[in-house]
Amino acid sequence: EVYFKNLSKQKQKEVMEKNGNNHKLRVCVATCNRADYSKLAPIMFGIKAEPQFFELDVVVLGSHLIDDYGNTYRMIEQDDFDIHTRLHTIVRGEDEAAMVESVGLALVKLPDVLNRLKPDIMIVHGDRFDALALATSAALMNIRILHIEGGEVSGTIDDSIRHAITKLAHYHVCCTRSAEQHLIAMCEDHDRILLAGCPSYDKLLSAKNKDYMSVIRMWLGEDVKTRDYIVALQHPVTTDIKHSIKMFELTLDALISFNKRTLVLFPNVDAGDKEMVRVMRKKGIEHHPNFRAVKHVPFDQFIQLVAHAGCMIGNSSCGVREVGAFGTPVINLGTRQTGRETGENVLHVRDADTQDKILHALQLQFGKQYPCSKIYGDGNAVPRILKFLKSIDLKEPLQKKFCFPPVKDNISQDIDHILETQSALAVDLGGTNLRVAVVSMKGEIVKKYTQLNPKTYEDRLELILKMCVEAASEAVNVNCRILGVGISTGGRVNPREGIVLHSTKLIQEWSSVDLRTPISDALHLPVWVDNDGNCAALAERKFGHGKGIENFVTLITGTGIGGGIVHQHELIHGSSFCAAELGHIVVSLDGPECLCGSQGCIEAYASGIALQREAKKLHDEDLLLVEGMSMKKEEAVSAAHLIQAAKLGNMKAESILRTAGTALGLGVVNILHTMNPSLVILSGVLASHYVNAVKDVINQQALSSVKTVDVVVSNLADPALLGAASLVLDYTTRRIY
C-alpha cells in the first residue's frame with residue numbers, strides 16, 4: 001500500500017511538472033438541479049480544500065433558478081461556494097418540445113460563459129438534458145470533460161442521454177464495477193476510467209448518526225416517530241408521459257389508503273411535471289393531514305429523512321442508489337430505473353397499473369429493516385476523484401481515442417461483392433519481361449501472364465493492352481472483380497499524371513509516355529503508374545516487412561539497383577519525382593562507369609549487369625570456372641555464374657562479390673545518415689547474397705545512433721507486381737496512400 005501511495009505521489013509530481021509547476025487545474029463544475037448538486041457538492045468541497053492544486057468555478061443553471069422548484073441555488077450559496085454564473089435555461093412547458101428548447105437555450109448561452117472562464121476541465125454529472133447541453137458545448141469548444149456516473153443503465157430517455165455524454169467525455173468516474181465494464185464495452189479508454197464510487201456516499205455514510213429527530217419533526221410534524229413515515233419521490237417518464245401520470249395518480253391513491261404520514265417531494269423539471277403537480281393538487285395532497293408536499297429538502301436533511309423512514313416509494317434513482325446504504329425499504333415503481341443495480345431492500349413494481357398492487361407492495365415493505373448495501377460506494381470517492389484530477393496531463397492530445405475490439409473484415413451485402421473477390425490488375429514492365437497479374441486484396445496472385453518486353457513503344461503498348469484485356473476476361477472466370485490497373489515501370493515517373501518522364505537504358509523508347517490515358521480508355525478502369533522501386537516499397541508496406549512501420553527503406557537488387565523510401569507512413573516521390581534513386585548513390589569517385597553516365601554508383605558495383613560484366617572479364621581470362629562448374633559453348637555468362645564460382649571457392653569471384661556488397665553497404669550507410677529509417681529491406685534476386693555484407697559495413701562505418709537499424713531480406717515473391725496492385729487497392733478501398 002505504501003509503495004502504491006508513493007508511486008501515485010510521484011506520478012502527480014511528474015504531471016505537475018509537465019503541466020507547469022505553477023499551473024493550477026482550472027475546474028468548472030456546472031450544476032443543473034438539486035439531485036446533481038448532491039453528487040457534485042462533495043467533489044466541490046474537496047476541490048475547494050486544495051487551492052494549491054485547483055481553481056474552482058461554479059456555474060448554476062436549470063431548475064436551480066426556478067421558484068417552483070425551491071430556488072435551490074441558495075443551498076449552494078449556503079455551502080459558501082461563489083457562483084460565477086447563473087444561466088436561466090429552462091423553457092417552461094409541459095411537453096417534450098420544452099425540453100428540446102431548454103437544451104437549445106443552454107447551448108446558446110453557454111459558449112460565452114466558457115469563453116470567459118476558459119476552464120481546463122468541466123465536470124458534468126449524470127443523464128439530465130441540461131447535462132447534455134453542457135457536455136456538447138464543452139466538447140465543441142475543446143474543453144476536457146469529466147463525466148460522473150457514466151456507464152449505468154436505467155430506463156427512459158436518460159439512458160440515451162447518459163451514453164451520449166459518455167461519448168463526448170474525455171474522462172469517466174463510475175460508481176460500480178458493472179458501470180466500469182459498460183464503459184469499456186462502449187470502447188472508452190480503460191486508462192481514463194476511474195471506479196471511485198458515488199460521491200454522495202462520502203457524505204451520507206457519515207450522516208446517519210447525527211441528530212435526526214429534529215429534522216424529522218421539522219418536515220413531518222412533532223408526533224412522527226422513526227420508521228413510521230413514508231418518503232415519496234416520483235418523476236415523469238418522458239418516453240411515456242401519459243402512463244407515468246396515471247401511475248402517479250394510483251400511487252397517491254394507495255398512499256392515502258395506507259394512511260401513514262408521508263413526505264411528498266415535487267418532481268424534476270421534465271415533460272409532464274406540471275401535470276403531476278396538478279394531480280397532487282386535484283387530490284388535495286398539500287392540505288391533507290397525512291401529507292407534507294415540499295419543493296425541495298436540503299440533501300443533508302434528506303439523508304436523515306430516508307435513513308429513518310419506514311419506506312421510500314417512487315421512481316427516483318435515489319431510492320435504488322443512496323437509500324440502500326441505510327437498509328431502508330424501497331418500492332421502485334415502473335421502468336424509470338430498469339437496469340440499475342439494487343440491494344435486497346428494493347421491491348420492484350414494474351407494471352404499477354392498479355392501486356391494489358401498489359398498496360400490497362406498501363404492506364410488504366413498510367417498517368422492515370434490510371442489511372445496509374454499499375453497491376454504489378464506500379465513502380472514499382472524493383479522495384480518489386481528486387487524485388484522478390491531479391493525474392490529468394493537459395499536454396496529452398485533446399482528441400479522445402476509442403478502444404474498439406478487433407472485428408472481422410466487413411462483408412459487403414452487395415451481390416457483386418459477395419460473389420467476387422476484389423482484385424487489381426498489376427503490370428510490371430521490366431528490362432527483359434512484361435508481366436501482368438490478377439492480384440487479390442490479400443496479396444494472392446490469382447493469375448499471371450509473362451511475355452518478352454518488346455523493343456518499340458508501339459509494340460510494347462499494344463502488348464500491354466492485349467495482356468490486360470486477356471487478364472481482365474480471365475478474372476471474370478475466377479470470380480475476381482477488377483478495381484483498377486496498377487503499373488510498375490523502370491525510370492522516372494510522374495504518378496499524378498500517369499506519365500513515364502524518363503526511362504533507363506534498359507527499356508528503350510520509353511520517355512514522355514502517357515500510360516494512363518490509352519489503358520484507361522481501352523479498359524474503362526482507373527489506372528495508376530509508379531516507379532518500380534516505389535512499387536516495391538508499397539508492396540512491403542501493404543504485404544511485407546514494412547506493414548505498420550512508420551519509416552523504412554526498400555532496396556531492389558536485380559538487373560539494376562532501385563528502391564523506395566517510406567517516411568511517416570507516406571511514400572516519398574520528391575519535387576521532380578526523382579526521390580529514392582538509390583542505385584545512383586555514388587560510393588566511389590573513380591569507380592566503374594554506370595549506365596546513367598556517372599562513375600562509382602552502387603548500380604555500377606552491385607547490380608546484376610555489373611556482376612555480369614565482371615563475370616565476363618573473368619571468363620575471358622579463363623579465371624571464372626572452377627572445379628564443379630561447367631558451361632555450354634552457346635551459354636551466355638551471367639551474374640549467376642559469378643555467384644556459383646564464389647560458392648565453390650573462386651577467390652576472384654569472392655572478391656568481386658565482397659566489393660559489390662561493400663558498395664551496397666556504403667550506400668545503405670548514406671541512407672541511414674540521411675533518412676534515419678528503423679528498417680532496411682533488401683529485395684530482389686541478389687538480396688540474400690548481400691545482406692550479411694551490408695550488416696558488416698553498417699557496423700564498421702555507420703554512426704552508433706543508427707547501428708541498431710534492422711536489415712532484412714524481403715519475403716515477397718513478386719514485389720513489383722504486388723506493389724503495382726497496392727497502388728490500386730489502397731486507393732480504391734480508401735486506405736492511405
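Glycine is treated like the rest: Cβ placed from N, Cα and C.
Straight from TrEMBL, the features:
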type: ACT_SITE; residues: D532; note: active site
type: BINDING; residues: R492, T504, D532, E581, H584, E603; note: N-acyl-D-mannosamine binding site
type: BINDING; residues: H584, C594, C596, C601; note: Zn(2+) binding site
type: DOMAIN; residues: 53-390; note: domain 'UDP-N-acetylglucosamine 2-epimerase'
How many Å lie between the Cα of E581 (N-acyl-D-mannosamine binding site) and the Cα of C601 (Zn(2+) binding site)?
11
If you measure between the CA atoms of T504 (N-acyl-D-mannosamine binding site) and C596 (Zn(2+) binding site) and round to the nearest Å, you get 8
Across all protein chains shown, the one of the binding-site residues C594, C596, C601 with the most other Cβ atoms within 10 Å of its Cβ is C601
Span of the N-acyl-D-mannosamine site, taken as the largest CA to CA distance across R492, T504, D532, E581, H584, E603 (Å, rounded to a whole number):
16
Recorded positions D532, C594, C596 vs E603 (N-acyl-D-mannosamine binding site), shortest C-alpha separation belongs to C594
Cα-Cα distance linking H584 (N-acyl-D-mannosamine binding site) and C594 (Zn(2+) binding site), given in Å to the nearest integer:
8
Taking the Cα atoms as reference points, how far is C601 (Zn(2+) binding site) from H584 (N-acyl-D-mannosamine binding site) in Å?
5
Chain-internal residues near R492 (N-acyl-D-mannosamine binding site), provided their CB is under 8 angstroms and they sit 6+ positions away:
V500, L501, H502, S503, N531, S576, F577, C578, E581
Close in space but at least six residues away in sequence, with Cβ under 8 Å from that of H584 (N-acyl-D-mannosamine binding site), the same-chain residues are C594, C596, S598, C601, I602, E603
Which whole number is the mean pLDDT over the domain 'UDP-N-acetylglucosamine 2-epimerase' (53-390)?
92
Taking 10 A as the limit, how many CB atoms besides its own sit near the CB of D532 (active site)?
27
Can you list, in sequence order, the residues of the same chain other than R492, T504, D532, E581, H584, E603 whose CB lies within 8 Å of the CB centroid of the N-acyl-D-mannosamine site?
G490, G491, N531, G533, G560, I561, G562, G583, C596
Greatest C-beta neighbour count within 10 angstroms, which of the binding-site residues E581, E603
E603
Which chain neighbours of the Zn(2+) site, leaving out H584, C594, C596, C601, have a Cβ atom within 8 Å of the mean position of the site's Cβ atoms?
G583, V586, L595, G597, S598, I602, E603, A604
